[in-house]
Every structure is written in C-alpha cells, then in structure tokens.
Amino acid sequence: MCGPEYVRTENPCSDLVKSQGNGKGDTFVALLIIMVNMRDNESPYEAQMEEPLGRVSILSYGSGHMLNDITSSCWFTYLLVFLTDVGLSPGDAAVVMLSGQLADGFTTIFAGELMDRFGHFKLWHAGGSILVAISFSSVFGSCVPCKLMGTNSSTLETVGYSTFAAIFNVGWAVTQVAHMSMVNCMTSNPSSRVSLVSCRNAFTMVANLSLYGIALLIFTLLQSVSVLVQYRWIAYVSISLGSCFVVIFLVGTKEPGSIQHSTDKNLSRISWAYWFKRVLYYQVALVYTLTRLVTNVSQAFLAFYVIYDLEMPQSSKALIPAIIYVCSLIVSVILQETRWSSWRLKLYFSAGAVLWILSGLGIVLLPSRLHNVMYAISIIIGAANALMTVTSISMEGVLVGEDLNGCAFVYGSLSFVDKVSCGIALYILESYQGTIRSNLVTAFGYSVTRFGLGFVPAACSLLSAIVAYTMDLPDTRRRPLVEPLLA
C-alpha cells in the first residue's frame, strides 16, 4: 500500500481511492480487513514508494518542464510586443493571447480526465512537447493563412496567429498536466514530493534566465535583420534548448507505476464530485490561482514599469527580471533541503506573501529619482515568488494525498482556473491600458503600470495568505498503519 488509509484500484499508476469516502459500511469493513492483511506483507512497490528519491531522479524530473517554461517565458514577455511590431493593434494582440490562454485552460480539464483514465504520463508529455515545438515556431513566424490566401488583412492575421496560439497552448497544457501529475505517482515520501516541485521550479528559473540570455544575444548580434527574423531565431533556439531537456526527462525518468504488480479491479475511480465536496479543494484552488496571478501580472508589467515609470536604462528590462529569477532559483534550491510538514507549508507561503506585500508597497511609492532601490526590491520579489510558487504547488500535492486516481483532474482543474483568470486579466489590462492609465492618473496619481505591478500582486498575496491561514491541511508526515484502525 501507498499509505495507511488507502487501497489499490484498477489503474496501476494512479488509481487509489480513499476507503472512508464511499459511505458503505460493508465495503469499509472489507477495506479495513484488506489493510490489516497487507500490513505485515508490504510489497516492494510500496516500500519503494516510501523511500526518498535520489538526486538524479529529482533532477531528471525537473528538466521535463524546461521546454514549456522557456516558451512560456517568451510567450508572456515578447508575444504582445512582437504582434504589435508586425502590425496588429493592441486589441487584436490581446485577442491572440486570450485565445491561447482559453485553449490552455480548457485543455487542462480534458487532459487531466483522460490521464486519470488511461495513465501513460510520459506518452502524454512527449505528445504535448511535440505540439509545443512545432506550433511555437509558427506563433512567432509569419502569418501562414495570410500566405495561403494571398492577403494580409488584419482579421485574417488575427485568426491565423490565434489558431497557432491555441495549438501551442493545447500542447503546453497537456505537457504541464502530465508533468505535474507525476509527482504524487513517483513517490509517497512528502519531502521527496516537495523536492520534485522545488526542482521543477528551479528549472523554471533557469528557463527564464536562458530566454533572456538568448534574446540579448540575438538582439545584439542580429541588429541588421528585421524584427520578424529576430523573434524567429529566438523561437528556434529556445525550442532546440528546451527539446534537449525533454529528451533528458524521457530517458532519465521512469514511467510511474512501471514496477506496480498488484491491482484490485473491484473499486472504481474517484469521481469529480468527490473533489467538489471538499472545502480544501476550493481553498487550494484559490491560493494557487492567486499565486499565478501574482507572478504573471508582475511579469507582464515589470518591463513597462522600470522603463516608463522609473525611467531606468533599457538594459534594466533584462537585468531586473534576471535578478528576480536568480533569487528565485537560489531560494528554490534551498527549499529542496527542507523537511516539510503542513504547518511549514502554510508558514513559508505566508512569508512569501508578506514579502510580496512589502514589495508591492515599495513599487507603488517608489519615486523615479530613487530607481536604484528597484534592484533591492527585485531581490525580495524573487524570494517571494519562489516561496509562494513552491508551497502553493505543494499544497496541491497535500490535497491529492494518496488519492492518485484523481490527481490529474485536480491539477488540470486548478490549472484551468489559473489560465482563464490570467488570460482575462491580461486581456483587460492590454485592451484598455491607455484608458485605465488615464483614469488612474487622474484619480489616484499613479499609472496603471505602477498600480498593476504594485497593488494587484500585493492584494492577491494578502488574500491568498488569509485563505492559506484558514486551511486545515492534513499532516503530511507518515503515520503508522495501526493509527486509523484504532481510532
């Protein structure tokens, strides 16, 4: 068995069901008998699931999201700039981004359900990565439908870029859900699970730094070519680098459940209703979504803030984000060595939220003549991002627990809320940025960039910290099997 209160079901990797949740007395007694009979005869699979993972396994797993991360960084940082450079209006560019985010969100739901039914996470991961690699070059390439139709109308351009943006995000979502769902299937050791998440987050930071380095080199070395060619090279190099790490992941990571031998086909999968009835599901969903809003909104507004509000040199558009990601990388590595418990997850998350609230206050009040203070604030933001991201994703793992036959749905549904929320937020801000900025300057004396980068993430951090404080997270430490039987 994988835990003290669970038995195995049909899916060899992900189908576990909580015995207390079926509401049938006879079945509950039968499950208790099964647990007692298996107590003294733990299988090699269960013993291995309890063991901490080695560094090689953790590193190979963390590398599996590198392609997604580097393309995602390019997506949020350069897509809107690229689309407006090739002639789309800000409104049309916002439509392209929204179409991708909506496709991403809805795909996570169906991908999670299909993975719960059929498993084979690595196969899903490989298929999604192929879609990402093929479509991403088209997103930053020329308008394919325009070439086929022989016209360059704005409507056709918007439709063409939106189509490839949607395809890219479908592949991105499939890869993400497959990768995240593997955490609970690879090990039942709480510290190893958090180490997997922390390593994944560390590779996210490496991907972002790599993207900025690639862009800086290309913008410097290819100044004589058109913007379209520059962005195309950024896309090609990013895809090549990310694909190498996908290969490392596929070779170095075992398919979860490949060593599973015993199954019980008498129990059914966990239904969606099981999760919807749990208060913790909504709490974790809200915390995770707010955390993603904090990171995505801040990333979208950071470059505008340092250039237009603080009047810093152009190099700060690369230097400030680089400082943030380096600090996030350092904190993520430190978190890998932490022995986690439920109260520590809440404590570390709240600490990150407090750091972001302080940073947001500094961003709102910082005058342009003191713009160098932004370098110090970026260090705090980097630490806050790592603390909130690692712990919020780890809370998803605590929510799933040993109910592994529903883990892909949990990760998929929470990602759906995250993607749709971020897409709508960025669409509104991009579509009406000029009008919002004018109104805010008149009413409050702050630009929408300063207000969005400072106030919005700080408000989301405060709300998420309050929700995290109210959570009743189950203890993540392993308990002897006899405890639930004697309770």
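Positions of Cβ are set from backbone N, Cα and C atoms, glycine also.
TrEMBL entries are annotated by machine, without manual review.
Cβ atoms under 8 Å from those of the transmembrane segment (123-141) belong to residues 64, 67-68, 71, 74-75, 78-79, 82, 111, 114-115, 161, 164-165, 167-168, 170-179, 228, 231-232, 234-236, 238-239, 242-243, 246, 249-250 of the same chain, restricted to positions at least 6 beyond its ends. Taken from TrEMBL, the feature transmembrane segment applies to 123-141 (among others).
Below 8 angstroms of C-beta separation, residues 14, 64-65, 67-68, 71-72, 75, 79, 83, 88, 95-97, 99-105, 107-108, 111-112, 115, 121-122, 124-125, 127-132, 135-136, 138-139, 143-145, 200, 393, 396, 407-408, 411-412, 415, 419 of the same chain, each at least six residues beyond the ends of the transmembrane segment (161-181), sit close to that stretch. Residues or ranges marked as transmembrane segment in TrEMBL: 161-181 (among others).
Annotated transmembrane segment per TrEMBL: 202-221 (among others), in sequence order. Among residues of the same chain six or more beyond the transmembrane segment (202-221), those with a C-beta under 8 A of the stretch's C-beta atoms are 62-63, 65-66, 69-70, 72-74, 77-78, 230, 233-234, 237-238, 241-242, 245, 318, 321-322, 325-326, 328-329, 332-333, 336, 386, 389.
The transmembrane segment annotation in TrEMBL covers 233-252 (among others).
The list of residues near the transmembrane segment (279-306) in space but at least 6 beyond its ends in sequence, with Cβ under 8 angstroms from a Cβ of it, reads 76-77, 312, 316-317, 320-321, 324, 349, 356, 363, 371, 374, 381, 385, 388-389, 392-393, 395-396, 398-399, 410, 413-414, 417-418, 421-422, 425-426, 429, 449-450, 452-453, 456-457, 460-461, 463-464, 467-468, 470-473. Summarising the annotation, TrEMBL assigns transmembrane segment to 279-306 (among others).
Look at TrEMBL and you will find 318-335 (among others) tagged as transmembrane segment.
Annotation source TrEMBL lists transmembrane segment at 347-367 (among others).
Marked as transmembrane segment by TrEMBL: 373-395 (among others). Remote same-chain partners of the transmembrane segment (373-395), defined as residues 6 or more beyond its termini with a Cβ less than 8 Å from a stretch Cβ, comprise 180, 193-194, 197-198, 200-201, 204-205, 284, 287-288, 291, 294-295, 298, 306, 310, 312, 316, 320-321, 323-332, 335, 340, 345-346, 348-349, 351-353, 355-356, 358-359, 362-363, 366, 461, 464, 468, 471, 473.
Same-chain residues lying 6 or more positions outside the transmembrane segment (407-429) and placing a CB less than 8 Å from one of its CB atoms are 14, 94-95, 97-98, 100-102, 104-106, 108-116, 169, 173, 176-178, 180-181, 184-185, 272, 275, 281, 284-285, 288-289, 292-293, 296-297, 300-301, 396, 399-400, 436, 448, 452. What TrEMBL lists as transmembrane segment is 407-429 (among others).
Per TrEMBL, transmembrane segment is recorded for 449-469 (among others). Sequence-distant contacts of the transmembrane segment (449-469) (same chain, six or more residues past either end, CB-CB distance under 8 Å): 283, 286-287, 290-291, 293-294, 297-298, 301-302, 304-305, 308-309, 346, 349-350, 352-354, 356-357, 359-364, 384, 388, 392, 395, 429, 437, 440.
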Long-range Cβ neighbours of the transmembrane segment (318-335) (under 8 Å; 6 or more residues past either end): 77, 194, 198-199, 201-202, 205-206, 208-209, 212, 215-216, 299, 302-303, 306, 312, 348, 374-375, 378-379, 381-383, 385-387, 389-390
